[in-house]
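These features come from Swiss-Prot:
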type	residues	note
SITE	Asn9	site 'Discriminates between blocked and unblocked aminoacyl-tRNA'
BINDING	Tyr14, Tyr64, Asn66, Asn112	tRNA binding site
ACT_SITE	His19	active site, proton acceptor
SITE	Asp91	site 'Stabilizes the basic form of H active site to accept a proton'
Amino acid sequence: MKLVVGLGNPGPEYAATRHNIGFLVAQKFAQQMGVSLKRQAYQGIVGTGRADGQETMVLLPQTYMNRSGVSVVSACKSKGIAVEDVVVIHDEIDLPFGSIRIKVGGGHGGHNGLRSIVDLLGCRDFLRVRMGVGRPQGQVDVAKYVLGQFSSTEKSQLDNVLENSVKALEVLLQKGAQQAMNEFNNRVFLI
């Protein structure tokens with residue numbers, strides 16, 4: 001079984017923020033798989049379906065970003081999911097908005113959701129889909145920026161970015177990390 005985790009914060013006040021782009025991609029992926037994300041389990045919202053013939057669980061942790069690892073570890077232990085079968089989708093300020101970067105393993109890079117997952121899994125070897133949200137301009141606080149709404153320009157591009165992110169996720173699950181990196185890394189998906 002594969003576990004696809006979209007990182008974000010629960011609640012309507014966070015729904016359309018940059019920090020919740022992981023939720024948005026995971027929700028779009030589940031929708032395209034025909035999976036309903038309504039069941040509460042593992043301190044998150046989950047749905048299970050088949051992606052390219054393999055059972056795949058989509059998880060949206062409801063623990064708030066800084067405790068995402070609690071939800072991920074709970075699902076992994078309950079379902080016997082190996083670390084290499086975990087894919088985490090998250091916002092990345094070090095990439096421009098519209099870019100996607102597939103990565104195998106690595107540190108948390110200051111991202112508290114990743115920090116929680118790495119700390120509680122005791123391992124950093126899971127797959128990541130890093131979603132570029134860009135850096136704040138001027139003296140804007142990073143936390144305020146990622147917890148802020150997308151700009152009107154970003155909103156106009158968001159559907160295209162999400163569609164390409166789902167394509168990247170599908171290639172990652174079907175053909176592996178190297179193929180997904182070759183096809184999607186170092187590209188910006190803006191119209």
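Any Cβ shown, glycine's included, is placed from N, Cα and C.
Mapped onto this structure are the features recorded in Swiss-Prot.
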| residue | record | DSSP (3 states) |
| --- | --- | --- |
| Asn9 | site 'Discriminates between blocked and unblocked aminoacyl-tRNA' | coil |
| Tyr14 | tRNA binding site | helix |
| His19 | active site, proton acceptor | helix |
| Tyr64 | tRNA binding site | coil |
| Asp91 | site 'Stabilizes the basic form of H active site to accept a proton' | strand |
| Asn112 | tRNA binding site | helix |
### Query
What other residues of this chain sit with their CB within 8 A of the center of the CB atoms of Tyr14, Tyr64, Asn66, Asn112, the recorded tRNA site?
Asn9, His19, Thr63, Met65, Arg67, Ser68, Gly113
#### Entry: Cα-Cα distance, maximum over Tyr14, Tyr64, Asn66, Asn112, record's tRNA binders, Å
16
### Task
List only the single closest residue to Asn9 (site 'Discriminates between blocked and unblocked aminoacyl-tRNA'), chosen from the recorded positions His19, Tyr64, Asn66, Asn112 by CA-CA distance.
Tyr64
### Task
Would you list, in sequence order, the recorded positions among Tyr64, Asp91, Asn112 whose CA lies within 10 Å of the CA of His19 (active site, proton acceptor)?
Asp91
### Summary
If you rank the recorded positions Asn9, Asn66, Asn112 by how many other Cβ atoms lie within 10 Å of their Cβ, the lowest count goes to Asn66
#### Entry: Spatial neighbours, same chain, of Tyr64 (tRNA binding site) - Cβ under 8 Å, 6+ residues apart
Asn9, Pro10
### Query
Could you give the Cα-Cα distance between Asn66 (tRNA binding site) and Asp91 (site 'Stabilizes the basic form of H active site to accept a proton'), in whole Å?
13
